[in-house]
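Database features, via Swiss-Prot:
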type	residues	note
BINDING	Asn109, Gly215, Thr216, Gly217, Gly218, Thr219, Ser314	pyridoxal 5'-phosphate binding site
MOD_RES	Lys79	N6-(pyridoxal phosphate)lysine
TRANSIT	1-16	transit peptide
Amino acid sequence: MFRHGVRTFATTSLRRMAAVAPQEPSQYLLNVSKAQGIAKGLTGAIGNTPLIRLNRLSEETGCEILGKAEFMNPGGSVKDRAALYVVKDAEERGLLRPGGTVVEGTAGNTGIGLAHVCRSKGYKLVIYMPNTQSQGKIDLLRLLGAEVYPVPAVAFENPENYNHQARRHAERLDNAVWTNQFDNIANRRAHIETTGPEIWAQTGGKVDAFTCATGTGGTFAGTTRYLKEVSGGRVKAFLADPPGSVLHSYFSSGGKLIERSGSSITEGIGQGRITDNLKQDVDLVDGSMTISDEKTIEMVYRCLDEEGLYLGASSTLNVVAAKEVAEKLGKGSTVVTMLCDGAYRYADRLFSRKWLEQKNLLGAIPEHLQKYIVLP
């Protein structure tokens with residue numbers, strides 16, 4: 001009798017909790033919402049990523065510094081959004097039919113995102129990339145089902161650039177499309193329709209500035225466009241740039257493309273031209289800044305130590321930019337940035353003493369954080 005009573009009570013309690021779960025926190029303080037229901041395949045799980053408060057930096061600046069956790073996308077990065085949209089765009093325009101082939105020139109996360117999306121939709125994927133990329137990256141893309149062609153790394157203006165080779169490959173095939181991530185504005189549309197609205201909803205419209213770096217231009221331009229329009233221009237937009245990129249000099253010089261030498265430890269960001277994704281929204285940029293590799297690598301270690309966030313260098317460059325924008329705007333401001341991906345694909349470099357010494361970056365990491373340098 002006693003056991004039966006306990007069972008009845010437990011069943012009744014669980015049913016009551018299930019009934020209220022979509023509306024309020026459970027007894028374990030986990031916010032369970034209808035949005036976290038069953039995704040319709042892999043593509044249904046792309047987007048709707050959390051916005052994480054970076055506690056230590058928020059306390060330091062007296063602002064709310066928030067990072068969009070794009071590493072939680074199924075392919076592990078913000079590029080899943082663009083990958084899905086460029087494929088959907090090709091489908092909608094009749095350029096890609098069942099059993100077709102997607103071709104792209106990419107050296108990083110866009111290829112991984114496309115590999116996941118193409119596998120889930122039944123398309124073949126062909127990737128052209130510079131032969132300077134690691135064997136591990138090539139192996140990963142092949143593991144995900146892609147056909148990979150590493151080609152000599154040459155400037156965009158050279159007809160043998162990996163992007164142009166990808167275009168020509170697609171032209172030779174029937175039922176194939178070159179998704180052209182840099183100049184295909186479906187990339188930008190992904191962020192106008194998903195990232196921007198998510199940020200606005202998650203902050204309840206209480207956002208003062210958005211900042212991130214850009215490679216294709218899609219994330220920065222699309223998110224900026226939405227936030228500017230929905231706020232009536234109130235939200236400020238600041239572009240962050242790694243060393244060697246021309247974008248900061250372009251905006252700070254009033255529109256002059258000035259060649260810059262040098263390189264950065266970051267991957268997938270920085271640019272030598274104004275892409276079509278960025279071109280439409282250059283007038284929306286309120287300011288720009290160059291973030292040094294020294295600041296970026298220090299923030300890799302700070303985010304791990306202080307926030308428990310294991311982030312890649314492009315993500316921590318964005319975090320540094322968000323901190324600088326917060327300091328510029330003053331206490332009480334809310335600044336949002338993108339946590340593009342995690343450090344999992346870069347650990348053999350970012351946490352290697354030998355690599356840090358080769359890049360002259362070991363001294364940029366405070367001594368108390370060097371305990372995380374666990375690789376030789």
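Keep in mind that glycine also has a Cβ here, set from the backbone N, Cα and C atoms.
A sphere of 10 angstroms centred on the C-beta of Thr216 (pyridoxal 5'-phosphate binding site) encloses 25 other C-beta atoms. Secondary structure at Gly218 (pyridoxal 5'-phosphate binding site), taken from DSSP and collapsed to helix, strand or coil, is helix. Across the structure, Asn109 (pyridoxal 5'-phosphate binding site) and the residue listed as 'N6-(pyridoxal phosphate)lysine' are spaced 6 Å apart at their Cα atoms. Other than the site residues Asn109, Gly215, Thr216, Gly217, Gly218, Thr219, Ser314, same-chain residues with C-beta atoms no more than 8 angstroms from the centre of those residues' C-beta atoms, the pyridoxal 5'-phosphate site, are Val78, Lys79, Ala82, Thr110, Gln181, Asn187, Ala213, Thr214, Phe220, Gly268, Ile269, Cys340. Thr219 (pyridoxal 5'-phosphate binding site) sits 9 Å from the residue listed as 'N6-(pyridoxal phosphate)lysine', taking the C-alpha atoms as the reference points. Every protein chain considered, the tally of other Cβ atoms within 10 Å of the Cβ of Gly215 (pyridoxal 5'-phosphate binding site) stands at 29.
Distance between Cα atoms for Ser314 (pyridoxal 5'-phosphate binding site) and Lys79 (N6-(pyridoxal phosphate)lysine): 13 Å, as a whole number.
In the three-state DSSP scheme, Asn109 (pyridoxal 5'-phosphate binding site) falls into the helix class.
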